[in-house]
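To start, the structure under review is shown below, and the notes come after it.
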Amino acid sequence: MSLLTINNINKAFGGVKAINNVSFELPRGQLLALLGPNGAGKSTCFNMLNGQLKPDSGSIKLEGVELVGRHPRQIWNEGVGRTFQISATFGSLTVLENLQMVLLSRDKKLFRLWTPAASYYKEEALVLLDQVGMADQADRACSVLAYGDVKRVELAMALAHDPKLLLMDEPTAGMAPKERNQLVMLVKKMVIDRNLSVLFTEHSMDVVFEHADRMIVFARGELIADGGAEDIRNDPKVREVYFGSGKSFEAA
Amino acid sequence: MTLSGLLVQLLNGLVDASSLFLVASGLSLIFGVTRIMNFAHGSFYMLGVYVAYTFVSHMGESVGGFWVAIILSSLMVALLGALIEIVILRRVYRAPELFQLLATFSLVLILQDLALFIWGPEDLFGPRAPGLTGSIEILGRNFPQYNLVMIVIGPAVLGILWLLLNKTRWGVLIRAATQDREMVSTLGVNQAWLFTSVFALGCFLAGLGGALQEPRIPANLALDLESIGTAFVVVVVGGMGSIPGAFLAALLIAEVKALCIALGTIHIFGIDFPMSKMTLVAEFLIMAIILVIRPWGLLGKPQATARNDHSAEPPLRPSLPIFKWCTAALVLALVLVPVFEETFPYAQIILVEIFIAVLFAASLHFVMGPGGMHSFGHAAYFGLGAYGAAILVVTWKLPMELALIAGPLLAVLGALVFGWFSVRLSGVYLAMLTFAFAQIVWSIVYQWDDVTGGSNGIFGVWPSDWLSSTTALYYLTLSIMLAGILILRRILFAPFGLAIRAARDSSLRADAIGVDVKRVQWVAFVVAGLFGGIAGAVYVFSKGGISPEAIGVGRSIDGLVMVLLGGVQTLFGPIVGASIFTWLHDSVARETDYWKAVLGMIILLIVLIFPAGIVGTLSHLWQWIKHHRPLQTKKVEASK
């Protein structure tokens, strides 16, 4: 059985059909890229998966559990981690505290009022930070980090509760090319080591074609292609969406 | 209730609606463009009444003279507004929201003392409007002619404002700036003058609203805070920045109040409900209901997410040993104070006051700084704790020790209810809702004579015998304050403290890691309410009683000023802020009749010169010194 099963989801904003009857599946241990030009519906699809938006109809199931209508918080509880297009971390906490927050939340210890937080999960948090190469900056505030580093902290946070599914909205936006590859290689390693499933959107085609196991392409709210790198590269519909059919020039 | 009585009350409602609208529309306009919640707006209204009193007394004998005097007064107020905008407010547009509020609040203090200086403390009854002194008969009841004019003026001003905003270039710029002021300035519009003109227009409307009241009400010094509360409510109910919304809200609130008066006392299930006493609570109840159903007001739009002023805050670190030693020394010094009773006889009394203020400010800081929720009604919890304790001792005859513990539980109960509603909102709306709840508490206390003693309050609440000496009370207050501060501090370093700071920094991220943001904030509210309530309970025993004045708007504002004065970003800030504020309040008030103005000037100076508060600025300075010294030595070494 697939980890994630999306069945006929729809979402309209006023008269605009942002997502039109989209269905796809994501098996365990796969790095799936979600592609498409601006306005194709990638972010809308993402926000429905993590519960920030509710689809007008259709179903989203994680190992048979219906996610539609649930709060982001509950979806996280089901084992879905996520990173944001514009990284969201807790700026006034240290890098270490950011990780400790996730671990405290995982074990439902957020309402403890007495023992200092510093004494909780320090080792575990450092191990997680070490995976993304941020252990040496553990004591710095997140608000003073370089953007690439913030993205790495965010990734560590998203992975801290050992999710089954990781959603990443443009994980490498704003990063230097070298950093990009490192980050995606790291994610790829998790996919292999932990049998993690990842769904990510990405504008850098280098990153996508280098690392993704499979790709799906959106255009105007519809899913137009699904397959491996070679299939997508040669798909006429994908070419049309990205490069146009050339007819606009013929007419003139 | 007769039909004619109802009709006259409804007409009175229309009169009030007009005058409410004039003040609120200016406030809404200013907020829409400059994003400043102008606390001083009520002061401009008050000045409108005073200036009109002077002008009408001198030149208002003829019909023409009267109306010229009204317009002239409004223009004077507008001019003053423009001046203040240029000299002061221009410097705070980039400051965090709270500092802008503090700056405008300092204006309230200064303008109030200005009015006291010019016109004196007595209520001034102005002459009536010539040609409109009579009344007409409506269904056998007399209705003043002047009130008919008032009814017309509200919609007329709405019409003129609509034309101004929709049919002139200036109006287009205003509407554009309301939506996106960065874009407007990118298009080459001189923002500075746009802001000044809007501020002046807003002040003109407030001044006009005041001037038109001149024949109806006596000019007095309480008008500013009285009107600003209601004006805020109207703006929030109507939707911030929406002029038609303000009109609708003014109409709704004024008519509901009129209905309450018309209904008088009604009997339901054998219980008397004095509806006419509901008028004080009515507007705040309406606001609370509207905000819960439509969080952006009747005709408002969701606010763009407020700039998050906290995310750049440094992380909380355990204190350095030197700081711990200094604190220990300070505590030791405080313990020794009663030994020197003969040299400083007054010290213990003022210190008890300071300790209570410190605990109050620290509890407010908890919800405001780390919690990121700007509570404008923290006096509610202080008041509930104080009245809880006082009622237990006086009515229920419980011993003081028990009341000191049980009293604050009433504050916890209040915080549970108010917090549940408040955490559903954010930013200015949250601030206004907390303000509304505090007003509701105040109104209930003020009017429920049987239980709270009404306007007289409850007196004769003295401590148990073993605590009745000044020194015993001193040590009790000191230990409660110290325990409170240490517990609040402990909580901030605990997982829950981490959680509230995290929820403040990014609710998006908090949601995405399974944090129940609303519940975390709710608990933060309750913790703050508990300690605010303890401060109130201790206050009752230190003063021997409590009255409504001690738990009014002023108390909430004092708390805000203390926290901001010390600096909201540090834990030590509110302690320093509360101490300095209380000490200043005490010493300045003894030296001059104009202590409010002095206080206002000091606040203004702090906002303009130390925008991070006293402790915040000192710690920035310390950081700067720490980072620059090694750099200089390195340079020296390099040059060698």
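Indices start at 1 and increase along the chain as displayed.
Using N, Cα and C of the backbone, Cβ positions are placed for all residues, glycine too.
Small disclaimer: the values here were computed from a predicted structure and weren't measured.
Over in TrEMBL, the protein carries these features:
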- B:6-31: transmembrane segment (TRANSMEM)
- B:101-120: transmembrane segment (TRANSMEM)
- B:146-165: transmembrane segment (TRANSMEM)
- B:186-208: transmembrane segment (TRANSMEM)
- B:258-275: transmembrane segment (TRANSMEM)
- B:281-299: transmembrane segment (TRANSMEM)
- B:320-340: transmembrane segment (TRANSMEM)
- B:346-367: transmembrane segment (TRANSMEM)
- B:472-499: transmembrane segment (TRANSMEM)
- B:520-541: transmembrane segment (TRANSMEM)
- B:561-585: transmembrane segment (TRANSMEM)
- B:597-622: transmembrane segment (TRANSMEM)
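Proximity of the transmembrane segment (B:520-541) to the transmembrane segment (B:346-367) is established through 3 or more Cβ-Cβ distances under 8 Å for residue pairs spaced 6 or more apart.
Using a cut-off of 8 Å between Cβ atoms, the transmembrane segment (B:320-340) and the transmembrane segment (B:258-275) share fewer than three residue pairs, counting only pairs 6 or more apart in sequence.
Simply put, out of B:101-120, B:186-208, B:258-275, B:346-367, B:472-499, B:346-367 has the most Cβ pairs sitting under 8 Å from the transmembrane segment (B:561-585). The transmembrane segment (B:146-165) and the transmembrane segment (B:346-367) are not in contact, since fewer than 3 Cβ pairs between them lie under 8 Å (pairs 6 or more apart in sequence). Listed as Cβ neighbours of the transmembrane segment (B:101-120) (distance under 8 Å, sequence separation of 6 or more from its ends, same chain) are residues 36-40, 42-44, 46-47, 50, 53-54, 84, 88-89, 92, 95, 219, 221, 224-225, 228, 557, 560-561, 564, 593-594, 596-597, 599-601, 603-604, 607-608. By the Cβ criterion (distance under 8 Å, sequence gap of 6 or more), the transmembrane segment (B:258-275) is not counted as touching the transmembrane segment (B:597-622), fewer than 3 such pairs being found.
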